[in-house]
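Read the structure below first, then the notes.
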Amino acid sequence: MDCDNGVGKHNVLPYSDSSCRECEEQQEPPELSPYRVAMGVKAALPRYEIYFYNTVLCLAMLWATSWIFEVSRSNANRKSFKTSVKPGWHYFGRKMETADFEWMMWFSTFREHILFALSGHVLFAKIGSMLAPQYRSLVYMVYGLLAVWTSMGWTYVTLILSHCILLYSISLVKIRWLCFATGLCTLATFKCDPFVSWQAGFVEGDFELRHVLFYGGCGFTIMRCMSFALENCERKDGNYHILELLKYNFYLPFFYFGPIMTFDKFYVQANKSDLTRKEREMWNISLQGLIHLGAVIGVDILFHFMYILTIPNDMKLLRHLSDWALVSLAYFNLVYDWVKAAVMFGVINTVSRLDHLDPPKPPKCITMLYVFAETHFDRGINDWLCKYVYDKLGGKHENVLEELVATLCTFGVTILWLGPCEVVLLWAFFNCFGLNFELWTAKLSSMEPFASFEMEMSEAMSRRIRAFVNTFNFWSIVLFNILALNSLDFAKLVAKRLLLKGFPITTIIVMFMTYCLIQVIKERERRQALVDDPDPLPPAPPPNATTSPTSAPAATAAAQLVADPSKQKAE
């Protein structure tokens, strides 16, 4: 029996009749409370329905893959593909896509250089941890400083040190807004001329990675210095030493490519004296390394069979593709970008875990996303923005006006971090709108009469309706992020085919497949919620409880049934 007491549904068991009377006496109007939302996460669907969703999803993925493979195979020798599709596995007669410079830099062109630098860090870090564990963070700094000096020159190191000293000096004043303003102004000098051209002159040499390492090292340095300055403002007694900032900034695995680890976490973990590992921790680190190696091999195979990055650059070809191929291409582009971020950050995180650090986790897979609040491709930047901007201004994220101000400021900093341009501005606007629209929708659904409607329906039906709404949210996330990953023209073409030209057949079929995907995601979340927060069991009766008069006949009958097996079978 279900009863509603104004804070959600609960099971009224035979031994708790008083709670049912309490509900009848209160007669409060139902409302969608956090308890109800938590119960919605654990709402179960029939097993055959989940099997159906999984079957449809698997067939849809195979279908989408076949479309992309066919387009790649039939256009491998296209003239516009010559710059990004190069000879690959000659023994299979396959060409390889090389359109992603960042991936090729990591795992092909400069693979030996990156591997050599990270291996040297691991070796010196291990020696330092064994000989002088209390000074291991100092060993990290010295090795990182020498590696940056060797790769970029002493003038570049001087430039980085000048920014560190500037922001450290400002942090001594302990005024948050001043530290923030100084950090943003310093970051802006790397986004506009003539400041960026002047600072780029500090880099010696003219090698291929010069610009990548310059912008990566400088950008992440400013963000780390801002984290240090803001944490120093929060410190009550005294100031952090400038040596702590240098240890934090020149940690080599994080220096050029991130991810960003906020100073408060790095300071505690890097200066931890107890270096004992948890049980099976090294096994888990080794397993993660093997998984990343398998992902690298998988992406290499993908580049030989599906040219998902080259095709979107050929608008003439895109206009001749079917609706299914175009929609599949947009989805696979986002999945690949997540895989790239997960592998690149995963390799660095594996090295940092060997140094007894707990780095930011990889981003959440785009396939598992259907809300804007969880959409990010760099969890380090996301954690930084949430800690110092979004949560500071948004509070509990319940007030509409506070949430609007918090999201505007957060995406303002993000625009400056990525570099202001038309595509970034559009991406920020749509994602900011989506984040606020989710809050507006949640507020509206908690009001009457919507709250009463949802309380009257079963939890399974509520889950189906929410999944239907999240289907449109999912494709909003895909289209908005395609802007940043590909181009405005590609995003407009996908939206036109999905919503206008392909309506109603393409739209309905794609949305139905997405609905199945959302239900599979919700089922996974339901199982995880049951593991993290299992439902409480009813209290067991006391062992020496006195038998009540009403329970005596039942006990006598049970004894007779046990004594007479034939009667028990008949019953």
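Each residue, glycine too, has its Cβ placed from N, Cα and C.
Per TrEMBL, the range carrying the annotation transmembrane segment out of 289-309, 415-435 is 289-309. Against the transmembrane segment (250-268), the recorded stretches 114-132, 289-309, 465-486 differ in Cβ pairs under 8 Å, and the greatest number is found for 114-132. Counting residues 6+ beyond its ends, the transmembrane segment (50-69) has Cβ neighbours under 8 Å at 305-306, 308, 311, 322, 324-325, 327-329, 331-332, 512-513, 516-517, 519-520, 523 in the same chain. Counting C-beta pairs under 8 angstroms (sequence separation of 6 or more), the transmembrane segment (289-309) reaches the transmembrane segment (329-351) with 3 or more such pairs. Distant neighbours of the transmembrane segment (498-518): 52-54, 56-57, 60, 323-324, 326-327, 367, 370, 467-468, 470-472, 474-475; these residues of the same chain sit at least 6 beyond its ends, with a Cβ under 8 Å from one of its Cβ atoms. Proximity of distant same-chain residues to the transmembrane segment (465-486), defined by a Cβ-Cβ separation under 8 Å and at least 6 residues beyond the stretch ends, is recorded for 40, 312, 330-331, 333-334, 337, 366, 369-372, 375, 418, 423-424, 426-427, 430-431, 434, 438, 441, 454, 457, 494-495, 498, 510-511, 514-515, 517-519, 522.
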